[in-house]
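Asker: When I checked Swiss-Prot for this same protein, it listed these features:
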| type | residues | note |
| --- | --- | --- |
| REGION | 1-20 | region 'Disordered' |
| MOD_RES | Ser2 | N-acetylserine |
| MOD_RES | Ser2 | phosphoserine |
| ACT_SITE | Ser48 | active site |
| ACT_SITE | Asp193 | active site |
| ACT_SITE | His196 | active site |
Amino acid sequence: MSGEGENPASKPTPVQDVQGDGRWMSLHHRFVADSKDKEPEVVFIGDSLVQLMHQCEIWRELFSPLHALNFGIGGDSTQHVLWRLENGELEHIRPKIVVVWVGTNNHSHTAEQVTGGIKAIVQLVNKLQPQARVVVLGLLPRGQHPNPLREKNRQVNELVRAALAGYPRAHFLDADPGFVHSDGTISHHDMYDYLHLSRLGYTPVCRALHSLLLRLLAQDQGQGIPLPETAP
């Protein structure tokens with residue numbers, strides 16, 4: 001990517017197998033194999049927030065009817081998603097929409113670097129799947145109380161929203177329905193460990209996303225109202 005230099009967040013990199021059980025690579029190979037006989041309308045790719053969504057009833061209610069595939073892996077950062085995309089996870093399918101939700105695990109990277117990583121993912125999806133739209137979900141606030149990572153995620157969202165204005169088939173969706181209370185805290189009812197969503201927390205996120213997906217699919221079928229380049 002021009003202008004990113006040696007940005008580690010935009011350099012495709014596999015996860016280092018520090019535990020020695022090969023699970024990450026096994027999941028990657030399974031995703032590639034599972035996609036060979038599928039015809040999904042929507043593909044989700046990202047970290048644990050994507051992965052755990054698949055276990056909720058709302059996934060079966062909203063996204064299974066779209067023949068959605070879930071390529072979420074816990075702990076993934078932008079550079080790991082880039083590597084997976086470069087190594088076959090979109091090779092055998094032609095989805096209409098690719099949903100990307102990743103970046104909160106890029107702990108050691110600046111907001112600008114994380115934004116560069118997300119932009120690199122969008123560009124790669126555009127290259128590999130030019131017919132597909134890309135929906136980037138905004139990073140959620142994290143931590144029970146205000147903290148630097150929460151602020152960095154907010155900065156990433158601002159930067160990504162602005163950056164995607166230059167991509168006509170990319171859309172940004174602020175996935176936060178208001179998880180931060182007026183006193184600055186996040187409830188464990190919404191995020192059970194103040195990072196991962198509970199079933200209650202997933203509900204408003206998934207319903208807002210589902211509404212956008214239906215609008216985009218209808219628009220591409222000539223039935224919808226034209227959308228701006230980024231969704232509010």
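Using the three backbone atoms N, Cα and C, a Cβ is placed for every residue, glycine included.
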Asker: Could you tell me the C-alpha distance between Ser48 (active site) and His196 (active site) in angstrom, no decimals?
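Answerer: For Ser48 (active site) versus His196 (active site), the Cα atoms are 8 Å apart.
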Asker: What number of additional C-beta atoms lies within 10 angstroms of the C-beta atom of His196 (active site)?
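Answerer: Cβ-Cβ neighbours of His196 (active site) within 10 Å number 17.
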